[in-house]
């Protein structure tokens, strides 16, 4: 028999802002076999639930708690029963399950990220069941759904590391008594892209949109293959990515981007009698600059 502890009970001087619990990093490899042709999705899923009652917090009454081990098992079973066509749909399936199965669940939040496996391919021929890990950007999504509400769907790219050796500069910035940074017309530009966007609706080709955003990120960072494109600041490149994404992809409502400025500094070799003309550089992990920005579509004018 459960014993509830009422030593504290409800405190009139504090109130709950938000509560939640769940299971993080539930890993699954789903294999779809169509004869000898196999397709895979490997994902890590994190689930957070909010319950109507707060009696578990107030009194130690666990009677409404769905064990986190059950949450883990549910993720496994839904992968078996529903498959993983794409991670956004899988996340919506998980939200739908908990909200429809348990009346006392008021909110479900699901985060899923996909391991970047790519099918072996040579001379245009794709292997039927072999894959290679290609860390050229991780596909992730977040879906949050309130009871009696629609799912709010975000997708994103993270861990997309890019570098260009020219066509970047930083000039005309504010200077005060603490400024030692020199202006530069030509420098290396390296960053690790974090990009997250919200969809206006759910009847979209999520994987096609993700691929299109990734292509836009690479296009605006690098520019034309034969000559590149000049970047006067990380901020300008970030904004250009957002504007092109929202102009070309009407399914996207808003977009958040974070671009750390990963530094590569010229190594002074003058004491060794050598002139190093930006040929040998020192990568510095930290400290680093960090540039962020979020844009959304403007509401149409009522005039």
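Cβ atoms are placed via backbone N, Cα and C, with glycine included.
Sequence annotations record features per position, and here Swiss-Prot assigns active site, charge relay system to 23 (among others) based on similarity to another entry. Sequence-distant neighbours of residue 23 (active site, charge relay system) (same chain, 6+ residues apart, CB-CB distance under 8 A): 46, 47, 68, 69, 71, 72, 75.
Marked as active site, charge relay system by Swiss-Prot: 68 (among others).
Every protein chain considered, the tally of other Cβ atoms within 10 Å of the Cβ of residue 263 (active site, charge relay system) stands at 17. Here Swiss-Prot flags 263 (among others) as active site, charge relay system, drawing on similarity to another entry.
Sequence annotations record features per position, and here Swiss-Prot assigns N6-acetyllysine to 10 (among others).
If you look up Swiss-Prot, you'll see 10 (among others) marked as N6-succinyllysine.
Annotation source Swiss-Prot lists N6-acetyllysine at 23 (among others), citing a large-scale study or a structure entry.
What Swiss-Prot lists as N6-succinyllysine is 23 (among others).
In the three-state DSSP scheme, residue 27 (N6-acetyllysine) is classed as strand. Residue 27 (N6-acetyllysine) is surrounded by 12 other CB atoms, counting those within 10 A of its CB over all protein chains shown. Annotation source Swiss-Prot lists N6-acetyllysine at 27 (among others).
A 10 Å cutoff on Cβ-Cβ distances gives residue 36 (N6-acetyllysine) a total of 7 other Cβ atoms nearby, all chains included. Positions annotated as N6-acetyllysine by Swiss-Prot: 36 (among others).
Per Swiss-Prot, the feature N6-acetyllysine maps to 118 (among others). Its own atom aside, the Cβ of residue 118 (N6-acetyllysine) has 11 Cβ atoms within 10 angstroms in the protein chains shown.
Close to residue 122 (N6-acetyllysine) in the fold, though at least 6 residues off in sequence, lies no residue with a CB less than 8 Å from its CB. As annotated by Swiss-Prot, N6-acetyllysine applies to 122 (among others).
Sequence annotations record features per position, and here Swiss-Prot assigns N6-acetyllysine to 164 (among others) based on a large-scale study or a structure entry. Cβ neighbour count for residue 164 (N6-acetyllysine): 17 (other Cβ atoms within 10 Å of its Cβ, all protein chains included).
According to Swiss-Prot, the feature N6-acetyllysine maps to 175 (among others). Less than 8 angstroms from the CB of residue 175 (N6-acetyllysine) sits no same-chain residue that is six or more residues away. DSSP assigns residue 175 (N6-acetyllysine) to coil, not to a helix or a strand.
Counting every protein chain shown, the number of other Cβ atoms lying within 10 Å of the Cβ of residue 185 (N6-acetyllysine) is 10. Summarising the annotation, Swiss-Prot assigns N6-acetyllysine to 185 (among others).
DSSP gives residue 220 (N6-acetyllysine) a helix state. Under the heading N6-acetyllysine, Swiss-Prot lists 220 (among others).
Residues or ranges marked as N6-succinyllysine in Swiss-Prot (evidence: a large-scale study or a structure entry): 220 (among others). Taking the Cβ of residue 220 (N6-acetyllysine) as reference, residues of its chain lying under 8 Å away and at least six apart in sequence are, in sequence order, 229, 237, 240, 241, 244.
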Spatial neighbour of residue 227 (N6-acetyllysine) that is closest, considering only the recorded positions 27, 36, 263, 288 and their CA atoms: 263
DSSP three-state assignment (helix, strand or coil) for residue 122 (N6-acetyllysine): strand
In the chain carrying residue 277 (N6-acetyllysine), residues 6 or more apart in sequence that have Cβ under 8 angstroms from it: none
Count of other CB atoms lying within 10 Å of the CB belonging to residue 68 (active site, charge relay system): 15
